[in-house]
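The block underneath contains the structure these notes are about, expressed in structure tokens.
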Amino acid sequence: MRAKRMKNMERTEGAEPSFNEIIDVSDDMRRRRGRRRKTVAMRVSAALLIVISICIGGFPAMLQYRSAHELSNTSDQFARAVAGWPYPQADDAIAAAKEYNKRLAASGQPILGEAKDPFSQAQGSSRSSESGSNESDSASAKDTEYQSLLDSGSGVMGTIRIPKISVKLPIYHGTSQSALASGAGHLYGSSLPVGGKDTHAVITGHRGLVDAMMFTRLDEMRVGDYFYIEVMGRTLGYRVDRISVIEPNDTSKLKIVPGEDRVTLMTCTPYGVNTHRLLVSAVRSPIPDVVPAEHDAAKDARTIATTAAVVTLLLGLLLAWLRGRPWHIRRHAAWWPKRG
């Protein structure tokens, strides 16, 4: 190329270029190849940045989806185990739990909760880091009668379902860190979640875990919303009538109220601060007159919208990539019309 420039400089000002020089397009081809390489490099870099951004942003969501799937399977395994019990084992378990609730209501609930706050060190941690805690000396663990009630053999006593926020969690005895790392926990000293007058069951769940949603979206619940408790093959419907925020040591709103059949869902709040407790409280309501049957319950609008947005984004990226590719139509010789 340098030799060519020298040759051009030697040419006199009025001299005509040769035929070979006129048809020589090597310089133009080099420039085009250079531009093409730059364009390809920019596209590859942009694609890599998009993929990396999606992976970084979507990794926690993938962990949470996997956790939700595992917890849902645990609930389903509990339901299948109970369904396989011989009659009337499940009915006997319900009867024993209701008898326990009667004695609890008459006692005035002298103990309500564990000595250690289950939410004290939960914010921002993971399920695996909490499940290793040794809390065999908790009040609920020492109460052998309590542990034997609604016992499926796996420590699960039931399932909490909240269709509006896509929650389906197994309910474990007590609120130890290991229990809350595995699903929702039943607050020791509150009524067992089997329904009936003079009962108030309190179900607790973590919020803000890195790899699990649990009760993270509980603040989206509103008065009039509903949730379900599944226990020993039965489904109980509850309609939210009260939402409140309390101090961690305030148990006044967790006590049994005579004549009521109530369940309260509890988690920490504000999100990321963890200084108070959010209570979403609901009263038992008939299915399907007040609370719709589970298969008719409104689906999670946020999850549907997020899924639609992600699918639309991926389709848009695919379309943009396809439009940027040069398409060459190849024809078979047999397609061309014969001449002569």
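Heads up, the Cβ atoms here are built off N, Cα and C, so glycines get one too.
Taken straight from TrEMBL:
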- His206: active site, proton donor/acceptor (ACT_SITE)
- Cys268: active site, acyl-thioester intermediate (ACT_SITE)
- 120-139: compositional bias 'Low complexity' (COMPBIAS)
- 112-146: region 'Disordered' (REGION)
- 40-63: transmembrane segment (TRANSMEM)
- 304-322: transmembrane segment (TRANSMEM)
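Around the residue listed as 'active site, acyl-thioester intermediate', a 10 Å sphere centred on its CB holds 26 further CB atoms from the protein chains shown. For the pair the residue listed as 'active site, acyl-thioester intermediate' and His206 (active site, proton donor/acceptor), the Cα-Cα distance reads 7 Å. In the three-state DSSP assignment, the secondary structure recorded for the residue listed as 'active site, proton donor/acceptor' is coil. All protein chains shown were included, and the count of other CB atoms within 10 Å of the CB of His206 (active site, proton donor/acceptor) stands at 25.
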